[in-house]
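Per Swiss-Prot, the feature disulfide bond maps to C37-C201, C120-C205. Annotation source Swiss-Prot lists N-linked glycosylation site at N34. Swiss-Prot lists 1-47, 105-122, 188-212, 296-309 with the feature topological domain 'Extracellular', giving sequence analysis as the kind of evidence. The annotation topological domain 'Cytoplasmic' is assigned in Swiss-Prot to 69-83, 144-166, 234-274, 334-358 on the grounds of sequence analysis. Positions annotated as transmembrane segment by Swiss-Prot: 48-68, 84-104, 123-143, 167-187, 213-233, 275-295, 310-333.
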Amino acid sequence: MRVDDDRFPWDQDSILSRDLLSASSLQLCYENLNRSCVRSPYSPGPRLILYAVFGFGAVLAVCGNLMVMTSILHFRQLHSPANFLVASLACADFLVGLTVMPFSMVRSVEGCWYFGDTYCKLHTCFDVSFCYCSLFHLCFISVDRYIAVSDPLIYPTRFTASVSGKCITFSWLLSIIYGFPLIYTGASEAGLEDLVSALTCVGGCQIPMNQKFVLINFLLFLVPTLVMMTVYSKIFLIARQQAQNIEKMRKQTARASESYKDRVCKRERKAAKTLGIAVAAFLLSWLPYFIDSIIDAFLGFITPTYVYEILIWIVYYNSSMNPLIYAFFYPWFRKATKLIVTGKILRENSSTINLFPE
């Protein structure tokens, strides 16, 4: 989605002459082909470390999110509208780990694209679509948590399975409708024809974005982000007020046990806190990348390659974060994972196992 170069001159002849000069001293992606891209490989030590780091992220994204999806879809106790949203979010992150991260790993470490022009475009479409799909899911989840915390007793009648299904459908359709035509129609490259021609070489996969679509991308990121920040600030205020009210009631009545409403409020606040951490992790991962994209689009792609690689892999690693967050905060997820890993979910009636502590 950007130019993979440290300093980009906008003159095509200077690019070609520089590439020819580099080709005489550096390796090529395809040694026996004309117009092969220049390859600058890492030495064996750093190369091995990078493969280990990037590969671990891809495996964690695939396996961790697969655990989340399996847990929610298999165990009946987890069949709720809110959890279906979480499972759909895990599906988007799972697809990032499966269709994007392994191929980006090879490109980042080897400096070449070995998977063909067709999958180069598909890879970029997957990248854009699935990542925006995650963002839209998180936005809807934040709204769901706001409803649950603000009035937990009527929440089940407001956020139903039908509403959850509409949120999931909207998230997937909008991200796919935006991502795929954007890349396949070449709309993102309009006005950059000379740049695209200069960058075209065998073993490359650079799809630059013009200023118009960089701004559209940023707006698609900014609007849900503002919604989430507004909603979670309200959730924080409501949760704090509820906690103060419950504490006052306990002091006044000296009750040893909690009321049903107190328990529901406490549970919903914990869920909101956990998913709030997931949202914060997403925003911290994505914001530096979007800021860099805007800077590059308007200042001529000045970001050094290694800085861009760091930013994009922070984004990719976000797809691996949510299962770790769930594992840390949710005992039911740890128990479900143990049942899946040990194969106990294959037993008869395993879907009815109680995952929640008494």
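Including glycine, each Cβ sits where the backbone N, Cα and C put it.
The transmembrane segment (84-104) is in contact with the transmembrane segment (310-333), judged by 3+ CB-CB distances under 8 Å for residue pairs 6 or more apart in sequence. Within the chain, the transmembrane segment (48-68) has long-range Cβ neighbours (under 8 A, six or more residues past its boundaries) at 42, 86-87, 90-91, 93-94, 96-98, 101-102, 104-105, 108-109, 313, 316-317, 319-320, 322-324, 326, 333, 336-337, 340. When the alpha carbons of C37 (disulfide bond) and C205 (disulfide bond) are compared, the span between them is 10 angstrom. The Cβ of C120 has fewer other Cβ atoms within 10 Å than any other of the disulfide-bonded residues C37, C120, C201, C205. Put simply, of the disulfide-bonded residues C120, C201, C205, the one whose Cα is nearest the Cα of the residue listed as 'N-linked glycosylation site' is C201. Geometry remark: C120 (disulfide bond) versus C201 (disulfide bond), CA distance 13 Å. The Cβ of the residue listed as 'N-linked glycosylation site' has 8 neighbouring Cβ atoms from other residues within 10 Å, across all protein chains displayed. Tertiary neighbourhood of the transmembrane segment (213-233): same-chain residues 132, 135-136, 138-139, 142-143, 145-146, 178, 182, 187-188, 272, 276, 279, 283, 286, 290, 293-294, 296-297, selected by CB-CB distance under 8 Å and a gap of 6+ residues from either end.
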